[in-house]
């Protein structure tokens with residue numbers, strides 16, 4: 001057995017099964033493991049139970065079982081300043097943000113990594129489904145997780161080479177059922193715990209109610225592109241491009257009984273545009289532009305590449321041509337794409353490798369900007 005005992009790995013433990021098994025595997029491989037619970041949000045639920053307290057109890061139980069020290073660290077201020085303020089600003093601007101991308105970039109692999117280094121960490125590890133491979137030049141490449149259904153490189157696309165150099169993803173070569181069975185075989189306290197879903201700071205709460213606590217809703221008119229008034233919308237921030245449910249229109253108003261979708265927004269007029277048909281013309285675009293474009297390794301200031309891309313999590317890859325200039329990019333699609341949503345991440349791949357990504361600013365149809373914000 002290689003002597004890993006001199007290598008300290010600090011594991012981000014959430015109280016879930018994935019991070020529990022991450023800590024277990026590293027401990028079994030002989031590393032000097034420390035578990036850290038990050039408290040990023042003050043989240044008392046409607047029954048007055050702080051879910052973070054429950055999760056921390058699970059971290060403590062698992063850490064005791066596998067015999068590692070554990071601590072809790074509070075990143076509520078950093079999370080509020082670097083993730084939540086961004087989340088609200090994006091909604092104010094009529095966009096649909098992806099807080100998980102920002103949380104990984106700013107908290108899990110920045111604030112947490114910085115903290116871990118003060119504990120003498122050689123590496124940090126998380127329960128993400130992704131893989132890191134080091135080439136002969138010492139460059140770290142981020143590859144998709146083996147479990148295609150769970151691959152999380154989309155959310156990790158803003159990580160830098162410096163961050164990846166210090167990162168381990170022990171679950172990357174496993175599929176989710178294998179992770180559960182490892183937890184069950186080891187009798188871990190979290191083996192049967194269900195996966196958390198949704199945005200971390202909202203949890204099981206109603207999204208509309210949550211958002212309205214921070215941003216006052218501004219109801220307005222719901223219109224077709226032809227100018228027909230379809231009623232009132234509850235506030236542009238509650239709707240995302242391509243959304244079907246929650247419009248309150250049903251099959252009415254249309255002669256062909258096709259379902260209705262959100263096909264555009266006009267922030268200045270506070271109008272929500274709706275139209276019939278999954279592939280409504282206004283939902284289809286041929287290119288996008290992105291900002292905050294970033295790659296996992298150093299790239300030229302200006303270049304063009306052919307690769308594949310994802311425009312949302314768990315979507316099949318699409319072929320694209322990317323023209324990069326500084327931290328901006330124009331992405332041209334080989335085939336028209338549906339519901340490209342400003343605020344979401346566009347992530348680039350070369351085969352199994354995640355190259356990086358950016359945040360979508362606008363979608364275009366044959367050179368003309370789509371009215372999505």
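Glycine residues also receive a Cβ, built from the backbone N, Cα and C atoms like all the rest.
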12, 13, 14, 15, 16, 17, 18, 19, 38 bind ATP per Swiss-Prot; candidate in 127, 138, 145 listed for that same site: 127
Rounded inter-Cα distance in Å - residue 344 (site 'Interaction with tRNA'), residue 128 (site 'Interaction with tRNA'): 20
Integer Cα-Cα distance in angstrom, residue 38 (ATP binding site) to residue 103 (active site, nucleophile): 12
For residue 38 (ATP binding site), the number of other Cβ atoms found within 10 Å of its own Cβ: 23
Listed in sequence order, residues with CB under 8 A of residue 103 (active site, nucleophile) and six or more positions away: 40, 79, 83, 200
